[in-house]
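S.K.: Shown below is the structure under consideration.
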Amino acid sequence: DVTVASAASDLRVDACWGIKLVADSLISDCKGSSFDLIALPGGMPGSASLRDCEVLEEMVRKQSESGGINAAICAAPAVALGSWGLLKGLKATCYPAFMDKLPADVTKVESRVQVDGKVVTSRGAGTAIEFSLALIEMLYGKEKSEEVAGPMVTRPHHGEDYTMMELNPVEWKYDHDTPQVLVPIANGSEEMEAVMIIDILRRAKANVVVASVEDGLEIVASRKVKIVADKLLDEAVKLQYDLIVLPGGLPGAPAFTNSAKLVDLLKKQAESNKPYGAICASPALVLEPHGLLKGKKATAYPAMCSKLSDKSESENRVVVDGNLITSRGPGTSMEFALAIVEKFFGREKALDLARSLVFV
């Protein structure tokens, strides 16, 4: 039972790469509540805002005193937990550029995830899935962690270089200073997929438009994370895009396939030989039924691959066939987004970004 709490004065927060989230409550409203785990995401200036939130500091200190689990990732172990003195005598890790900001009384380690007693720390966006699975293991045990990891299609070997299967290679071009990318979202979209695609493409300096296919800008994603789009699809379809890319999720993917405007835009994109793509349920539930995989190799969420007319390359984590890119699920989202960066900007740029994320 996860409560997303805002340390700001408002429920809506703007993340560091422009993704707009809506919290469930304010931290001030959580003061009297009891939690088995308090986990701090990283990012700047987000980590500093968490550090400066007196209510949160008091809650985390009480959590530590009562034997509950505290966790932090990226900048937050150094900026928040470290500055509060809650890592004293412990082994801890954080984002590489913040390692020297960990207090002298902390044993600094370069583990992707470090567990020491009831404190869990991790390195960055590229270790976030491993971090989260470690938290599940702390709460429920290893069997439950593995049960969650399997359907997410997590990486078999974390930290290794990502790969993609490419067939019929073509150069992906863009008409402006940087690629113009459309990412539609709907109620029930897979939030991990949407957020990683948007975040990583924005880090690569692509101009990403997040468009809601619903009646309003705010959508409730498949795991109840609330995301606010930049504009409605009705407005977004008036623009030209170098790439249209669909996150998966249920019932998000069916909402896409039922959007005549989005399907029409995708068909025009394909007819113009411009790049388009999808991940998880969307290749099978959106692209396949509308003829957008005709003559193409693709992959999809494992349980959905039976719906693909050509399954010959579906075991690959990321498949690029000409101007089409597809991928498997939440656990392949980062590889999927990095493959897009590679197609637009080259492999070295993608690898530099992957390293900065601590993904490889």
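Cβ from N, Cα, C; glycine included.
Straight out of TrEMBL:
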type   : residues : note
DOMAIN : 2-137    : domain 'DJ-1/PfpI'
DOMAIN : 180-342  : domain 'DJ-1/PfpI'
S.K.: According to DSSP, how is the domain 'DJ-1/PfpI' (2-137) divided among helix, strand and coil residues?
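M.R.: When I sort the residues of the domain 'DJ-1/PfpI' (2-137) into the three classes, I find 49 helix, 31 strand, 56 coil.
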S.K.: Quick one: mean pLDDT on the domain 'DJ-1/PfpI' (180-342)?
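M.R.: Across the domain 'DJ-1/PfpI' (180-342), the average pLDDT comes out at 98.
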